[in-house]
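According to Swiss-Prot:
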BINDING   Arg284, Asp321, Asp325, Arg460, Asn463  (2E)-geranyl diphosphate binding site
BINDING   Asp321, Asp325  Mg(2+) 2 binding site
BINDING   Asp321, Asp325  Mg(2+) 1 binding site
BINDING   Asn463, Thr467, Glu471  Mg(2+) 3 binding site
MOTIF     321-325  motif 'DDXXD motif'
Amino acid sequence: MDSSTATAMTAPFIDPTDHVNLKTDTDASENRRMGNYKPSIWNYDFLQSLATHHNIVEERHLKLAEKLKGQVKFMFGAPMEPLAKLELVDVVQRLGLNHLFETEIKEVLFSIYKDGSNGWWFDHLHATSLRFRLLRQCGLFIPQDVFKMFQNKTGELDMKLCDNVKGLLSLYEASYLGWKGENILDEAKAFATKYLKSAWENISEKWLAKRVKHALALPLHWRVPRIEARWFIEAYEQEANMNPTLLKLAKLDFNMVQSIHQKEIGELARWWVTTGLDKLAFARNNLLQSYMWSCAIASDPKFKLARETIVEIGSVLTVVDDAYDVYGSMDELDLYTSSVERWSCVEIDKLPNTLKLIFMSMFNKTNEVGLRVQHERGYNSIPTFIKAWVQQCKSYQKEARWFHGGHTPPLEEYSLNGLVSIGFPLLLITGYVAIAENEAALDKVHPLPDLLHYSSLLSRLINDIGTSPDEMARGDNLKSIHCYMNETGASEEVAREHIKGVIEENWKILNQCCFDQSQFQEPFITFNLNSVRGSHFFYEFGDGFGVTDSWTKVDMKSVLIDPIPLGEE
């Protein structure tokens, strides 16, 4: 490796003060609003170098990983108590190894589901809760009534449970898989949250205290699995009963998957800098954030097509979003939208050069993705993409009309449009196109089914909670918080708490959709869940997507850039 490459490889970030935003001819001659986004902190020379200089996994590590996989498969087949089997599944999943042991995990969970009547988990809070969570995660329905045994005569959870921190933590995590109307689980969530908050600082076992603090910050069901795996590998290493075989395999596999992701990042970065979209002063330059989101949705190496096309469509989508939000006039946006509806370039010469560039990038990339899908999957997806883009741009157009007309819609009207304008119907449809069984299956996503409706609505509301202050400062469209304030006269604090409550309720509906949506199977159900988890990652503490130099860069660097040290072997 030469010195210039070495320099690039050691500098994933750039100094934003060194960045020069290029302006187009229309920027220079017209008074347009600007997004006021800070320049990307990611060094695109470094990102491009990952295509050829990603973390190479040594041959000896590949051989060791295969050996360890065999040992873990033996663990799954060995005689053990049901609770021990559940705990093995839980650790394997949290370490990010479930993609290696899908068959073994299903066999364990189906076996435990069938044997549920023997009652080995009765009166054991941790066992009951873990069994409930893992089986529901797998799509196997367990009723909330299994927790009735922990209630007292008045129907409330017994105070004796407060002494069982491990059991309370399992109950807390299980409660987030509840459905709307499952009051026992609602009570369990409130009960466990209250007592874990009061107890965690006094927990003597450091590993358990760390898990409790982590869970209270955000429950496992709402976390991105790939990011969680990176955190859990480090946390698991500190546990007294840590299994060294699982830990070693988790580290090796994490680095092996990361190497695959890095090669993809490098290739995508090379494409992105050729588009010219990274030079637009008013728009976000967020390729790596888009990749992180695609990785949140579908990190398994076998979903390469889904990941790459989500990034390509998503990166262009972000710029289109910014064009509607802050750049285009209403007349220009109407012309842009009508051109999308016709899927035609005939009228775009009437647009300013910047919007022509954006339209052609959207048009060409979508058609390229369609051709790739035709080649790799054997069916024509372009009509599906066109429908999704039309729906997308019409939602942007409506928000622009609200803004330019000074109109604040009621929350319900805003939400129905906002669940489309957030962009996740388009991105999830992109992911679905990459895994669909055949061309006929593409009809399932139009009109928007409940699974996509509620996952997209959740992402919209979570986005609004995190981005409202920044977007209002930029002069962007109103958000759900402000619609609710205008509709009800509530304060911002009350409105924010209301939207948080709506998020919790819609998570319950989405949980149920995962069982009700018989027309969709895995992995698309998990794609939808993971898209919402990605929203929690990027927006839980602010705008971690639009503001690149935020708390998210630490996790992104640890997941996408830095391999886990393997230590002595």
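Cβ coordinates are placed from backbone N, Cα and C, and glycine is handled just like the others.
Taking H, G and I as helix, E and B as strand and the rest as coil, DSSP gives the motif 'DDXXD motif' (321-325) the counts 5 helix, 0 strand, 0 coil. Asp321 ((2E)-geranyl diphosphate binding site) and Thr467 (Mg(2+) 3 binding site) have their C-alpha atoms 14 Å apart, to the nearest angstrom. Cα of Arg460 ((2E)-geranyl diphosphate binding site) to Cα of Thr467 (Mg(2+) 3 binding site): a distance of 10 Å. Cα spacing between Thr467 (Mg(2+) 3 binding site) and Asp325 ((2E)-geranyl diphosphate binding site): 14 Å, rounded to the nearest whole number. Spatially close to Asn463 ((2E)-geranyl diphosphate binding site) yet at least six residues away along the chain are Ile422, Ser535, Tyr539, judged by Cβ distances under 8 angstroms. In the three-state DSSP classification, Arg284 ((2E)-geranyl diphosphate binding site) falls within coil. Around the Cβ of Arg460 ((2E)-geranyl diphosphate binding site), the number of neighbouring Cβ atoms within 10 Å comes to 25.
In this structure the residues listed as binding (2E)-geranyl diphosphate are Arg284, Asp321, Asp325, Arg460, Asn463; their two most distant Cα atoms lie 18 Å apart.
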